[in-house]
Amino acid sequence: DGCGHTVLGPESGTLASINYPRTSPNSTVCEWEIRVKPGQRVQLKFGDFDIDDSDSCHSSYLRVHNGIGPNRTEIGKFCGFDFQMDGLITSKSNEVTVQFMSGIHASGRGFLAAYSTTDKSDLITCLDSASHFSEPEFNKYCPAGCVIPFADISGTIPHGYRDSSSLCMAGVHAGVVSNTLGGQINVVISKGIPYYEGSLANNVTSKVGPLSTSLFTFKTSGCYGTLGMESGVIPDSQITSSSILEWPNQTGQVNIWKPENARLKRAGPPWAALISDEHQWLQIDLNKEKKITGIITTGSTLAEYYYYVSAYRILYSDDAQKWTVYREPGVDKDKIFQGNTEVYQEVRNNFIPPIIARFFRINPLKWHQKIAMKVELLGCQFSIGRAPKITLPPPPPPQNKNDEKNADFIDDFINSVKTSLQTDKTTFTPEIKNTTVTPSVTKDVALAAVLVPVLVMVFTTLILILVCAWHWRNRKKKTEGTYDLPYWDRAGWWKGMKQFLPTKSTEHEETPVRYSSSEISHLRPREVPTMLQTESAEYAQPLVGGIVGTLHQRSTFKPEEGKEASYADLDPYNSPIQEVYHAYAEPLPITGPEYATPIIMDMSSHPSTPLGVPSISTFKAAGNQVPPLVGTCSKLLSRTDSASSAQALYDIPKGQPGPGSADELVYQVPQSLALSTGSKDE
């Protein structure tokens, strides 16, 4: 009566004393007989050992024997509190007897141990967690029977499990190892997350867990994709059932809970059977053989109809005629899968080994109120590898009896090789997660390797052509115009012009520029843009008679350095000929100087004029201060050599004949400004 948790598998298992991890009762005994395949040996590893040693292992102890029965031989006798046994106990044969004796004692948890065949050198126990290992990735062998009630796990796939969780119990929950068989796990350590979800899978309940420094996940073959129930890849016509629940609601409308409603995460009612008994089933046709590794189920997902299936069997077939009930290897009874405990929670069960079949059937055995469920299948495509053909040269014709015997031997050998190749077919699992499309690797990869670079080059060339065309078109538009600036000088043109323009006053009125009739005759007709609506220029640009220079020749009027500009009287003359307005000053002639020379005038003897008359002439006063505007009217006179003249005009550009009269020489003037009164010339 001293036996506790016990699972004895064909290659591995787990055993523990009664009441472990609590104190074992007094005067109890248990004996385990372990057998593995002939030719193999058994290795035993302790995860925890705490047996009272107050009487030197006389009444309380653990004893290990080689063999079973009266001919067994003792390997060792062990006792002690928190006894650390890091090594393995190895047998000399394929049979081992483990005996536990508990005498009179006050404390002691007992023990927990795991066993396996000696070819599993990386055996661990059900108590080992990820925090016991420092490697970022490692492989371990989990024994059978690690679903134990005294171990906890937190987390789920694919997010991962908390580092304090039992590695082997988490492996069962994730579906990578079987609790009945055990198996190899490939563990990867990662950075922890703040919150770990809980779920029910493979009869293991994981709990919600708090933040941890690290977590672990499992490397798998990747054959855990959905097979098409939720996505609709499996059509409605391939989902059938033994019966369908039909019933009218309060309004008289008939509700039909059809088998095609049994799609996981689909809104609405589920599939429900008309009669709730153990003969009902839900069948799914996958259209061809596939590798099925798991199933996820829920209840009705309707709060007002609290229906769900709590236990079921799985059957499969290749022709929908002969059905096979799923059983675990080495077990002679059907496997009963744990279903749902309420209507909303998703419960997952994995098939180890997986099912290879086309038709899949669920047979409910236990339910709540009525049989109702939604499902999704997990797995991947399945393909069979063909045996390679072996070609041998034909044997030469026999020359004697010995040669005939050799020829017969060769024929028998070839036939035996062919038979073994035909019977021992190998299967493999493509490592894919999206299982709705059969992968085609060689052709697709070769085609993609050619098409992708070609398409990239074509699209890159088109983009470059479009960008160049757009750039050329914009440049062409910018180069159009009567007096356009070179392309490299356009960016600073406006900034350069603004320094010659005073700030604009809202009280000033704009006056068009006027030209004399003699000047108009020298100009060619052209389309002139509208008058500049900007500030008045600091210096007026003089018009130059003669032939206009070539386009793009820059025209400017260079003022005297170090002095400020001022405004004088406006030109009172008006031309009877049609007015021509220019937004820009005319360029200097090719043979002329680059700048016109301004005249510095002595206005000390300038007679005052009546107020209110706008001024036209522009001059630069001596000194550093800007003279105030004078509200007088002063006629422009032709320049003479008389020293007695108190007024002066602009100098005539070099290379041009002087005007015959005052009427023939007219200068371009700035826009008129409202002049302040009471100012004096300096």
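Positions of Cβ are set from backbone N, Cα and C atoms, glycine also.
According to TrEMBL:
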type     : residues   : note
DOMAIN   : 3-118      : domain 'CUB'
DISULFID : CYS3-CYS30 : disulfide bond
DOMAIN   : 120-216    : domain 'LCCL'
DOMAIN   : 223-380    : domain 'F5/8 type C'
TRANSMEM : 445-470    : transmembrane segment
Residue counts (helix, strand, coil, in that order) that DSSP gives for the domain 'LCCL' (120-216): 11 helix, 36 strand, 50 coil
Remote residues contacting the transmembrane segment (445-470) - C-beta distance under 8 A, at least 6 residues beyond either end: none
Neighbour tally for CYS30 (disulfide bond), based on other Cβ positions within 10 Å of its Cβ: 21
